[in-house]
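Pulled from TrEMBL, these are the features on record:
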- 78-158: domain 'Cadherin' (DOMAIN)
- 159-267: domain 'Cadherin' (DOMAIN)
- 268-382: domain 'Cadherin' (DOMAIN)
- 383-487: domain 'Cadherin' (DOMAIN)
- 487-604: domain 'Cadherin' (DOMAIN)
- 1-21: signal peptide (SIGNAL)
- 604-635: transmembrane segment (TRANSMEM)
Amino acid sequence: MRTYSCLQLVIWTCIFHMVDNSTLQGKDSSHFLRRIVNLKKDEGKMLHRAKRGWMWNQFFLLEEYTGTDTQYVGKLHTDQDKGDGNLKYILTGDGAGNLFVIDENTGDIHAAKRLDREEKSLYILRAKAIDRKTGRQVEPESEFIIKIHDINDNEPKFTKDLYTASVPEMSGVGTSVIQVTATDADDANYGNSAKVVYSILQGQPYFSVDPESGIIKTALPDMSRENREQYQVVIQAKDMGGQMGGLSGTTTVNITLTDVNNNPPRFPQSTYQFNSLESAPLGTHLGRIKANDPDMGENAELEYSIAQGEGSDMFDVITDKDTQEGIITVKQNLDFEKKMLYTLRVDASNTHPDPRFLHLGPFKDSAMVKISVEDVDEPPVFSKLSYLMEVDEDVKEGSIIGQVTAYDPDAMNNIIKYSVDRHTDMDRVFSIHSENGSIFTLKPLDRESSPWHNITITATEINNPKQSSQIPVFIRILDINDHAPEFATYYETFVCENAKSGQLIQTISVMDKDDPPRGHKFFFEPVPEFPLNPNFTIVDNKDNTAGIVTRKDGYSRNKMNTYLLPVLIFDNDYPIQSSTGTLTIRVCACDNLGNMQSCNAEALMLAAGLSTGALIAILLCVVILLTLIVLFAALKRQRKKEPLIISKDDVRDNIVTYNDEGGGEEDTQAFDIGTLRNPEAREDSKLRRDVMPETIFQIRRTVPLWENIDVQDFIHRRLKENDSDPSAPPYDSLATYAYEGNDSVANSLSSLESLTADCNQDYDYLSDWGPRFKKLAEMYGGNDSDRD
């Protein structure tokens, strides 16, 4: 028992050391710790140990084991194990069964695979022992830790494969550029596997690196960007504190020197030469100059200026921000006759100088610019930019109202002639003397119609008509009191029949086309012929208006329904202008409030309440009714006068109905049937009844048809006449022709031609023709008295 007691004490000591060095403590470890603490508290007393006996042979394991056999981890053993094989050891927890295997009879633990601390550095497992027969645990389950020891199997790695940095040029030695960082996956708490040291492999002697922090710094002073701008530095990170056998990694750092304004501008040449025509407009670009600055960006921005002195008032220089060039421009009008050559001094300076480098010298440069002025044939020049002339509107024709002058600026001093641009004086009111430029009038002026005249005068060189100039001339027409005042509007004035004396019935105002400088002032008076009007009074209100006031009580429309009141109006300008305006004052019926009701005298006879509009409507209706009656009567008369058939040739397919039975055979006056049978009895020059011709045509006389015995020829002649008749209707019609001929011995026996025959014709031969002609013989064969 004493031997076991000593053994258990050693095991507890080992377990306490393990728990003290481990980052993870299990419940059994804390249980052991409580036991030790209780032992200290009960120091001096008799201690009784609970019987328990786990035996631990090893708690650490190396990573990346490369042996052929499995790596031995440790052994589990309990006091209850008598070595008879009745106990069975079981392992559970992290990696149990695949990474860690246990011999269930002996309790030996082996690592079945290679372990990597960087993947997992700590494994927590639980062990228990059970009775094979009963399956009961003989010891409570205990937890233990397996920690993987690190080896140097990982090289340092930088956070970036490529770094980019910049540092201003001309920086001092030791100026920080950038910091690079490398990490090592090995255990930094175990040996030097993770201790990294930095060194520079490429980039010396320009840069250096701090071995501990990895900060890259400048190693040379006053490095110039203009000489070299880009640098590539290679940095190495090595573990094991940089000792032999350590692993390493590298990275590349691209370092750019940024620009500073350490270079002044410089002109590539000291003198520039430009030419300019003397007629060059203001702002004309004459040329460009440029100073070179090796700096870049805003450090190379320049500003050009012309130094005070010759030509500074005639020329200007502007800076082109895109190209950093100076542009010489014309500032004032040039004159070859006055000065032919200008010499300028142009300065170029930096706009953003750096105070740190002012000791290097002034950051500006100067160059001389010579500008030659070339002569050109210039147009005439007027003495003014514009002319303003004033003239009275009553000036006589041909009067001179002003003068313009122009001269030739060239040395030739050519003669100038003047003219008026007629596009600006279409009415030809003004003209100009071509030699001396005197402007005079051609027509009378009227301020009221045209108060201003704006004309253009042209000056042209006689020797070179292409050289001409124009100038505007503004002519103001001054007013003359040449218009009399008149009523401002037409006044419809009325006075009530019940008006009282002194009652204002109208306020009149006037207008005047003139425009006197002191303003209008008008006066109102009765005309001298009627200085005192018994009915009305004119009252001047002294404000360019006048009032018409009644002078008696009551007016009668029956006696006088309209009064004419002449008013004399005159102004106060010189010469005084006056006019007479006549007011027509009607007498009207008004109500008690003075509102007009009626002004016509005829209205007295009309019924009360009948308005003027109603009277006009009634009158209009009467006029329309009378017009309709007249038109109807005229139409009726025209219908009665028109004959039934105008010509015997004009037979159409018309149906005419006559409700007249006639008087039998004895009625010889009803209708002239003879014209239908006898061609000799036809009437000429009669118009047709069924067509109203627009123009009365001259009826042409045709060849007598009775001279032709051929009936077919007769029909063709009639058809031709009908087709060529301009008054024929456009529609199809039927013409009937009957022709008996003229070869009968007895001629015609019809009584239809009796009216056309001679009244003294002898009809006695009818008695000899037999009983058939007895009736005719009785009618025509008797004596004259019987026929009468």
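Cβ coordinates are placed from backbone N, Cα and C, and glycine is handled just like the others.
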Local confidence of the domain 'Cadherin' (78-158) - pLDDT mean: 81
The domain 'Cadherin' (383-487): DSSP-derived helix, strand, coil residue counts: 0 helix, 47 strand, 58 coil
DSSP-derived helix, strand and coil totals, residue by residue, for the domain 'Cadherin' (159-267): 3 helix, 47 strand, 59 coil
Secondary structure content of the domain 'Cadherin' (268-382), with strand meaning DSSP E or B: 10 helix, 53 strand, 52 coil
